[in-house]
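One structure below.
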Amino acid sequence: MKYFLWIFLIVLITFRYFSTRPVYQNGDIIRVTSIIYSDPTIYGNYQTFNAAELKVSLPLFPEIYYGDRVIVDGLVDDGKLRNAKLISVDAFEGFGSGIRERIIDFYQQTLPQPMAGLVSGITLGSKKTLTAEFWQNVKNTGVAHVVVASGTNVTFVVSFVFAISALYLPRKKSIFIVILSIILYLFISGFDAPLVRAAIMSLLAFWAQSSGRLVTAWKTLLLAAGIMLAIEPDWVTDLGFILSFVSTASIMIFEKRIAKFLGFLPKWLKQGFSTSLSAQIGVAPILFVTFGRFNLLSPLINSLVLWTVPYIMILGALGGMLGIFLPFLGRVVLYICYPLAWFFAKTVSFFA
């Protein structure tokens, strides 16, 4: 019985993967209907997203957003939908999507680029408002995991909400508030694999604490992967899913050892550098094989800008929410956030 859960998950994932996987042949002309679970990536005059395991590129207009339901025609060609034609797009008017778009619009109205896009990316995981030049700089310097959806976002939400709620509520009620906050954040920011991974790991950790069970970090990581793949088998080939789990595992293996070795560095620099370097040990080979490039200075660049991320996210979230109801106060908060976003953007541009 000890290994029953793991055996069950492996069998379930295998069954789900082969039973739900669509079979395409190169040259097939097909019509795809799909829900967009994360913002498309902008490349020049095109927006790119995944639909039914195919990479789809469409003209920039009409714009497609997280939550939209799209129908697309095209020609299958090595995992891509060539000559894609948008048949219809139905905007999702859900609670989370509506708040998300209003906050992003407020960032755009208040801050100049690339700072507006940076705050949108760090706070909500949105790639839509990142300029092409800045997005290229972000990829070249190896900090894309910070600028778009990542598990770090969920970690900050958990830490901030728990720290505040624990001051006024009993522990169990604080945990309940944190769980609601995680779910709400996913609905607002989208269901990218790194966010879902961190959310499931956080929920498992809180469940273990409340039930008095002892669950190791490794078991939590593997269980999160199993749950995700059982729900969405296509994630097994998703680069974001792979990088998220590999980087987390790499940090768990190497971070403490590297931190000891870097004991001579100031604490603020050592923490960021050791975390970044340990993550890069795992993801560097994957990035090099996938994109054919890797920036050797990436750990240093990450350590220089990582300290700004929690402040940008907290101020960005506070400013965005205030901007919906009290625009003046929202702008004041975003103006306070501006120097941090400016420093991040200029550092990335310098090393790019």
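Cβ atoms are placed via backbone N, Cα and C, with glycine included.
Nobody curates TrEMBL annotations by hand; they come from automatic prediction.
Range with TrEMBL annotation transmembrane segment, chosen from 46-64, 274-292, is 274-292. The stretch with the most CB contacts under 8 Å to the transmembrane segment (175-208), chosen from 146-168, 214-231, 332-351, is 146-168. Counting Cβ pairs under 8 Å to the transmembrane segment (274-292), the stretch among 146-168, 214-231, 236-254, 304-326 with the most such contacts is 236-254.
When Cβ-Cβ distances below 8 Å are used as the criterion, the transmembrane segment (304-326) is approached by residues 99, 102-103, 106-107, 110, 118-120, 122-124, 143, 146, 152-153, 156, 160, 268, 272, 275-276, 332-334, 336-337, 340-341, 343-344, 347-348 of the same chain, each at least six residues removed from its ends. When Cβ-Cβ distances below 8 Å are used as the criterion, the transmembrane segment (236-254) is approached by residues 13, 17, 50, 53, 145, 149-151, 192-194, 197-198, 217-218, 221, 225, 228-229, 275, 277-283, 286-287, 290 of the same chain, each at least six residues removed from its ends.
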